[in-house]
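Visitor: Take a look at what TrEMBL says about it:
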type: TRANSMEM; residues: 12-43; note: transmembrane segment
type: TRANSMEM; residues: 55-77; note: transmembrane segment
type: TRANSMEM; residues: 119-138; note: transmembrane segment
type: TRANSMEM; residues: 158-176; note: transmembrane segment
type: TRANSMEM; residues: 183-203; note: transmembrane segment
type: TRANSMEM; residues: 246-271; note: transmembrane segment
type: TRANSMEM; residues: 283-301; note: transmembrane segment
type: TRANSMEM; residues: 307-325; note: transmembrane segment
type: TRANSMEM; residues: 376-399; note: transmembrane segment
type: TRANSMEM; residues: 436-458; note: transmembrane segment
type: TRANSMEM; residues: 505-525; note: transmembrane segment
type: TRANSMEM; residues: 537-555; note: transmembrane segment
Amino acid sequence: MFLRLYSTTFTFLFLGIFLANVLIFHQPLLGGILLGTALLFYGKLLAHRLSPKHLWLGIFFLLSSLVCVGSFAYYLLPFTSEVALAVFLFCLPLWLWFGSHGHPQEKESSPTQQKLPMWFWIATAFVALGCVAGFFLLVTHTTTEAIRTPWDQIPSAFFLIIFLSFLLLSGLLFLGQGRSVTHLLTSGMLFLFLTIALIIYPLGYGFDTFIHQATEQHIATFGSITPQPLYYTGQYVLVLLTHHLFFLPVIWADKLLVPLLAALLLPLAWYHAALRLLHDKRIATASLIGLFLLPLSSWIVTTPQGLANLFVLLTILASAPLLIAREGPRPFQLLLPTLATLLIHPLAGIPLLLYLAFLLSRPSEVQKQQERFARIFSVIIFVLTCLALPLSFLLNALVAHQTIAFSWDRLWHLEGMETLVSFFSFHRIFTPLLDGVYSFGSALPLIFCAIALVAWWIGKRSLDGRLRPLGLISMALFLNYVFLSTVVEFTFLIEYERANYADRLLPLLLFFLTPFVIAGLGMAMAKAKTWPISLRALFLIFLCGLALSNLYLTYPRDDACITGHNINTSQADMEAVSLVASDAGDDSYLVLANQSVSAAAIRLLGFEEHYFGSQYRYPIPTGGTLYHFFLAMNENPSQETALQSASLVRGLCATDLSCTQDRVIHVYFIVNTYWWDSARIIETAKGTANKWMSAGNGKNYIFRYDLE
């Protein structure tokens, strides 16, 4: 009764300030405070019903409910600020009702207070100081230049500081004291690991992020976008709610969404699962070191795939108490984050949905007379899981009129599995540090799987039956990976991107193995506690080396082992886009440029009034026909190729009644000086173009071909 009264009183006070900011003040700072307050209070309220000691679970379900309700509203109505407010006000009483009614599924116990020694606080201060120093080094070495790797910008002192800080943090985790403090330090260290790209590349990193940010900005301005996406809406809804209701800029709401959520929720979720798997708070805390062995690349930027991967792992960790002790959220309650994941990205949502079906078909979840039916149902689900993703890609290709080819011969030779083969590669360039980083870092997924396998073997009596759904889904995902990477050819993508979809399954596979890995690490930590102090120190140093190798390999590299090709969008690209738009004036124009320049165009121009039928003014997507004209211009810049590219978009406009663009009269060809053979391309283009100019102090060359 007291909880209901307290919750209702707080809600009235919160609503008064919240509505005043929404309707009158429009202050981002106040909005940020209100956002944090809402997540903490209503997350705690939901956690009271789900698992009272675990705030992260309430926040996770709160976000999932916003994704589901917001996506439903997005499909029905333009997602304006009024609709965003309606979504929030609709969810608010649901949170109050769910959190205030019924009885919690776990008994809440008061935490025992223990006095921590002085050395603990000194060590904590050094770890915090190391994190602050790491952030300072990143902030003071940002760049808007085109670079191949962030590591060229960051001084070597960064790695020394992070190694020493992480080693000290590992020692604190290993001892298992002051868990609230060490969890906070773990979140800070993880946030540092995940925000290197965000800080070093202030203009943005990658290509997909520019697409999604521009889409979110367009929806924020116009309420919808055409064609309306069938998926990704989960991410868009969270960003738009943050923007419309709490007045945070779209780009910053997008940039921070995944890294911040991962850093805040993953350590708590990992500990929650570890506590049920290991039954020892100190060992569960020590196992948090394994968090830094996960494939972190999913969470260094905000993309629907990255956000969906985060939701997958959080759902798996939330289900661990259910698998082990039938505690925590029930299977029907886990349907909420599962549907949210499906709305964010189906590639992650489909396996999670089938995992939920496995949970529902467990013998412990059905009556005794239905156990045989449950086992048969489990076999059917396993077969469906093995076929689900190839069939979903085939269905999507049919709907989108894309071409997918099947090459059964590749299956017998295991062609196309370069990513998997790379795990077995051991680099030898006779540079001990790089040899070690690449050998251990590349093999980290194998080490991850080996830990899971050893944990299953040692504890198969206690773990096998309980964690069997996770093992079956992992096996099915591996079979999906083999099939998609060998038999299925995504011919609508350019050559070097065709393995992308299959490769996305490998992190998901590792996420489903994570509870096994937690159990294995827990066994190792318990054993290590009996070793002499020198062996314990070597063990922690080894784990820290693996974590830093993982960090180094998470981001683009350009070193003695690999030549980097992941060049970021630069200020010169932005200037080139602006210069082209200024030079063209009111004339209709088309641009042939690389992916980085196209990303800059999306950021500066957006989508409105820049389409020729289904074709954007710049070569998007990179597997499209217009991009092939750009590649042809690199081979031989000519007036003829420029005319052919213009003829393409003229034809698209002629067959699309919605096209309002005038006839193309200028084709611009942009060459970045870092492009291979750029000197020859530039000199040849100067002789064939009607006009040329440069941007970014000569870093980008622009050639104009006049067609009329």
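Any Cβ shown, glycine's included, is placed from N, Cα and C.
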Visitor: How about the transmembrane segment (183-203) and the transmembrane segment (283-301): do they have 3 or more C-beta pairs under 8 A, pairs 6 or more apart in sequence?
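Guide: The answer is yes, given that the two segments have at least 3 Cβ pairs within the 8 Å cut-off.
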Visitor: Does the transmembrane segment (55-77) reach the transmembrane segment (119-138) with at least 3 CB pairs under 8 A, where each pair is 6 or more residues apart?
Guide: no
Visitor: Among 12-43, 119-138, 246-271, 436-458, 537-555, which stretch has the highest count of C-beta pairs below 8 Å with the transmembrane segment (307-325)?
Guide: 246-271
Visitor: How about the transmembrane segment (12-43) and the transmembrane segment (283-301): at least 3 CB pairs under 8 Å, pairs 6 or more apart in sequence, or not?
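Guide: No, since the transmembrane segment (12-43) and the transmembrane segment (283-301) share fewer than 3 Cβ pairs closer than 8 Å, they do not count as touching.
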Visitor: Residues of the same chain, at least six outside the transmembrane segment (246-271), with any C-beta under 8 angstroms of its C-beta?
Guide: 21, 26-28, 31-32, 34-35, 54-57, 59-60, 63, 179, 183, 186-188, 190-191, 194-195, 198, 209, 212-213, 216-217, 220, 235, 238-240, 284-285, 287-288, 290-291, 299-303, 306-307, 310, 313-314, 317-318, 518
Visitor: Taking a Cβ cut-off under 8 Å, which residues six or more beyond the ends of the transmembrane segment (537-555) line up next to it in the same chain?
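Guide: Same-chain residues near the transmembrane segment (537-555) but 6 or more away: 149-151, 159, 162-163, 166-167, 170-171, 174, 193, 196-197, 289, 292-293, 295-297, 300, 436-438, 440-442, 444, 447, 528, 531.
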Visitor: Counting only residues 6+ away from its ends, which parts of the chain sit with a Cβ under 8 Å from the transmembrane segment (119-138)?
Guide: 154-155, 157-158, 161-162, 164-165, 168-169, 171-172, 177-178, 181, 185, 188-189, 192, 195-196, 199-200
Visitor: Below 8 angstroms Cβ to Cβ, which residues of this chain, lying six or more residues outside the transmembrane segment (283-301), approach it?
Guide: 166, 170, 173-176, 179, 182-183, 186, 189-190, 193-198, 205-206, 208-209, 255, 258-259, 262, 266-267, 270-271, 274-275, 277, 309-310, 313, 444-445, 447-448, 506-507, 510-511, 514, 517-518, 521-522, 525-526, 540, 543, 546-547, 550-551, 554-555
